[in-house]
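Please find one structure pasted underneath; my questions will follow.
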Amino acid sequence: MTVIALVVFVAAYVLIATEWTHKLLAALGGAAVLLALGVTDSEHAFYSHETGIDWDVVFLLLGMMIIVGILRRTGVFEYVAIWAAKRAKGSPLRVMILLTLITAVASSFLDNVTTVLLIAPVTLLVCDRLGINPVPFLIAEVMASNIGGAATLIGDPPNIIIASRSGLTFNDFLIHLAPLVVIELIVFTLVLPRLFKGSFAADPERVDDVMRLNEREAIHDRTLLIKSGAVLLLVFTGFIGHSAFHIEPSIVALLGAGLLVLISKVPTRDYMSSVEWQTLLFFAGLFVMVGALVKTGLIADLAGWVGDITNGKPLLATMLILVVSAVLSGIVDNIPYVATMSPVVLELTKTMSDPAHVHALWWALAAGADFGGNATAVGASANVVVIGIALRAGNPISFWEFTRKGVVMTAITIAVAAPYLWLRYFVLA
Amino acid sequence: MPSAPSTRSEYCGNVHADQMAEDFPVVTLDSDARDAVKLLAERRLPGLIVVDAKGQPTSVLGASQVVRFLVPSYVQDDPSLARVVDETLADRVADKLGNLTVRKLLPSDPAELPVVNHDDTVLEVAAIMARLRCPLVAVMKDKEVVGAITASRLLELVMPH
């Protein structure tokens, strides 16, 4: 059974990484084979928290997708982005810095793909007004999105998986990862002028074209904006107040989505169209496959092997997880990677007595996987989405054009994360 | 010899594409884009038949395709941005079409050619239009374009007076 589980898992992983078949087909196909061969069963696949589908993750994503689907109809994101571009007074560098910071902040509360879908059209509009190439701006924004998404539990799907497996709360992410993300964004902002050198020359006469944009017109339903804002506030209160309310984030998100649907009166078809069913099913398939590895004992063996090669040294294990996660997340989607590695890290943490070291391992996994998504053009779903938008707008971004910048940025973010983890969880702990 | 159709439905059943076809302007792939758009606008046509250097039809340039070309992709992705811009579409047309040929206005993925044979029936023509969602089909006879049928011409034939 162990060999079958491993072979099916590796085959599905190769198909997901190479995109020879649709990733949903690979994940569900792998799960189906494991169920058909009896490697796992319905009890383990559907009802076990350790070896089955993590319904907290699936329903948290579902709830947030519905909330974001309604929120994006308000136009508030376009309003803020255009307002910022006007505050930058048409200076391309200032425009890039402000738009990337907005992207990073938005990404910490919305999923990365939604964020770039919202920011990219505004960016194309502003660059069109200024008569400058939008490609550097789009690349910078998707990088900011991948960095900013690391700040909260709901910012990036890998964080949702990590939270569910580790038991870490929304506030844990805010306290431990958000400060690292703030440092990363400061460094990112300082690096931008050099990373995109030569991309900031604009005709001063075209600045007026940006200043004439009317951001107020972006918001066409103020009532919906107020209702969405109020529900979002309630949802975040629920996330932050987890220790007081004892309501899981998935339940908070579902209740928030239900409330917003009720009071917004948005047609069912409209808000349901914002749910990425394929993503949710992909998660389900992945969880069944990884659960089979846990059930057969492979994950425990892998964790033991990692423990052996790091010789039980928490700092070495932390750095190894950080670097390996960054490298592998640049090659394969970080969602399947984290879904696989979370049980491994969970096993490793069982051997550690110091809570600071336990934290270090989880944050190393989150930082490595989230920041590693920047390394290549296919490292994260948001990268692929932005490349598609750029192509449609007549500004193609080649794999290497993205990857050249991405590898540099990933190296910098990991170089910043490593001393942060070392200082906070080993030196100052 | 078949008897003459006595009702409108019988007539529609017997009429062939070449009887429905009307004279229709054609443009080549290398025609000036501005001239082609001007032709569409002045004669309020649903589209233009595009032919190659040998006069063979290669595509239909629908008016809606031209509109799609003129509207920036970012506005198509996020229609709320159309409200924040103070310019009219007219301000951009001359810029967007400057020095372009018809070839540039066509979609990069060539769609199936909306052509019918001269002896196809009304239903066959309607089926092609519906399947390809094209408001215009070229009518071919002996590998030559003998005219075109628009959706409005087809509806004129099938609707009772």
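Numbering starts at 1 and runs along the chain as it is shown here.
Cβ from N, Cα, C; glycine included.
According to TrEMBL, the feature domain 'Citrate transporter-like' maps to A:13-368. Per TrEMBL, transmembrane segment is recorded for A:52-71, A:92-110, A:173-192, A:224-245, A:251-268, A:280-303, A:315-332, A:407-427.
So that I understand the layout, could you describe where these features sit and how close they are to other parts?
Distant neighbours of the transmembrane segment (A:92-110): 64, 68, 71, 77, 80-81, 84-85, 116, 118-119, 122-123, 126, 130, 132, 136-137, 140-141, 143-152, 154-156, 178, 181, 185, 188-189, 192-193, 196, 199-202, 210, 232, 236; these residues of the same chain sit at least 6 beyond its ends, with a Cβ under 8 Å from one of its Cβ atoms.
Proximity of distant same-chain residues to the transmembrane segment (A:173-192), defined by a Cβ-Cβ separation under 8 Å and at least 6 residues beyond the stretch ends, is recorded for 93, 96-97, 100-101, 104, 108, 140, 143-144, 147-148, 150-153, 155, 159, 163, 240, 359, 363, 366-367, 371, 409, 412-413, 416-417, 420, 424.
Remote same-chain residues near the transmembrane segment (A:251-268) are listed as 59-60, 62-64, 66-67, 70, 73, 154, 224, 227-228, 231-232, 234-235, 238-239 (criterion: CB distance under 8 Å, separation of at least six residues from the stretch ends).
Within the chain carrying the transmembrane segment (A:280-303), a Cβ under 8 angstroms from the stretch's Cβ atoms is held by residues 1-2, 5-6, 8-9, 12, 23-24, 26-31, 34-35, 39-40, 44-45, 48, 50-54, 57-58, 61-62, 157, 335-336, 339-340, 343-348, all 6 or more beyond its ends.
Below 8 angstroms of C-beta separation, residues 143, 147, 176, 179-180, 183-184, 187-188, 191, 195, 314-315, 318-319, 322-323, 326, 330, 356-357, 359-360, 363-364, 367-368, 371-372, 374-376 of the same chain, each at least six residues beyond the ends of the transmembrane segment (A:407-427), sit close to that stretch.
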Which value does the mean pLDDT take for the domain 'Citrate transporter-like' (A:13-368) in this predicted structure?
90
